[in-house]
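First comes the structure, then the notes that go with it.
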Amino acid sequence: MESSMPDTAVAEDYKVRDIGLADWGRKEIRMAEDEMPGLMALREEYGNSKPLAGARIAGCLHMTIQTAVLIETLTALGATVRWSSCNIFSTQDHAAAGIAAAGIPVFAWKGLSEEEFWWCIEQTVRGPDGWTPNMILDDGGDLTVLMHDKYPEMLKDVRGLSEETTTGVHRLWEMAKAGKLLTPAINVNDSVTKSKFDNLYGCRESLVDGIRRGTDVMMAGKIAVVAGFGDVGKGSAASLRNAGCRVLVTEIDPICALQAAMEGYEVVTMDEAASRGDLFVTATGNVDVITIDHMRAMKNRAIVCNIGHFDSEIQIESLRNYRWENVKPQVDEVVFPDGKRLIILSEGRLVNLGNATGHPSFVMSASFTNQVLAQIELWQAKPGQYLPNHVYTLPKHLDEKVAALHLAKVGAKLTKLSDKQAEYIGVSQAGPFKHDLYRY
């Protein structure tokens, strides 16, 4: 594979596609700030006290415009940061340039090879003058696993890590269960203001955007198949239904399957759906959800894509045995021996970030406000507060704070409990309003 390594002076502590895109990136960063009230409120609240002073954060998360606002919030609160992307296709090159031009070390560009992907992550582990991280901010767990496998001695200085997504949290749980987690972790994904907003409402807007940008296909009237009906699957199914698709859902969990049926979706197996669908989206976080046999059964020019974190949900490697014809960046046709073609988006990686620009700024503000609060929580923790090394969640009052910071932007006004009402249901007038096990 021809290298996509950009030409950047070795003396500079960054590597991006084109630093000349920085002005464009800065303009979009400023626009995004207005749509990210949670992060901007944290800058206002904590900008003077600098609660992250002394924190050296290694970050591995999609290098988008929205992430640029997150990064600059972390630095505004006192942290130093080194950054890479957690996906080979998700970087927005003008966003990376904007951050690099601001003097923040970033190593990311769209279209990384696997070798370049890991090289970029490695650059966040060490920096000039002996810089090493004492905090980790991750999305998907690749940086976390690298640190545990290759640099376990560095983890002695790491106070904790925060993890953004479902897949990464599963990896953390497995490490903790095996007694191999070497630093405390906060599961940001399961904050209500992340999973019930980013995963659901974010996908509801960004999935169809990615498919349309990739294919220009008419969605209305198509039969769409969504594998998985968790929060991401729910948002994906709604996205496709809102575009006029007839949506089929596949599920392994009887509760999620019943939810899908009660929403009016037809619940089927992938074996049944393969020959019926015009468009397939995986959202399970699992492996081999769409197999080569499923793809052999699909219609000519069926569209196949994934909105889960990794590219393991579709058996892409099995398709490598056939001829690939690139149509444009992140859009390929795979030609079967009988002449049938399938349209594969982003090589089975995140379609909304590979073929489009991901979730809107507003919903990412909620997710990233959780990330900043998690970093503060871990960095400011009292000795032993987050021991043993385990996977924790943010306390309910912080989850509610994140939501409250976003209400004014959408014109929402809260009702306040009277003393009698608060006493009747046994809560404080200031919250938290629900117990930790409440299912929103």
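Just so it is clear, glycine is given a Cβ too, placed from its N, Cα and C backbone atoms.
Predicted, not measured: the structure shown is a model, and the values here were computed from it.
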For the substrate site that Swiss-Prot assigns to T64, D139, K194, D198, which of the candidates E35, E114, E115, E164 is also assigned?
E164
Including all protein chains shown, what's the count of other C-beta atoms within 10 A of the C-beta of D198 (substrate binding site)?
28
Near D198 (substrate binding site), meaning Cα within 10 Å, which of T167, G230, V232, I307, H309 (binding-site residues)?
V232
Least buried by Cβ count (within 10 Å) of the binding-site residues K194, H309:
H309
T64 (substrate binding site) to E251 (NAD(+) binding site) - Cα separation in whole Å:
31
Within 10 Å of each Cβ, count the other Cβ atoms and name the one among the binding-site residues D139, E251 with the highest count.
D139
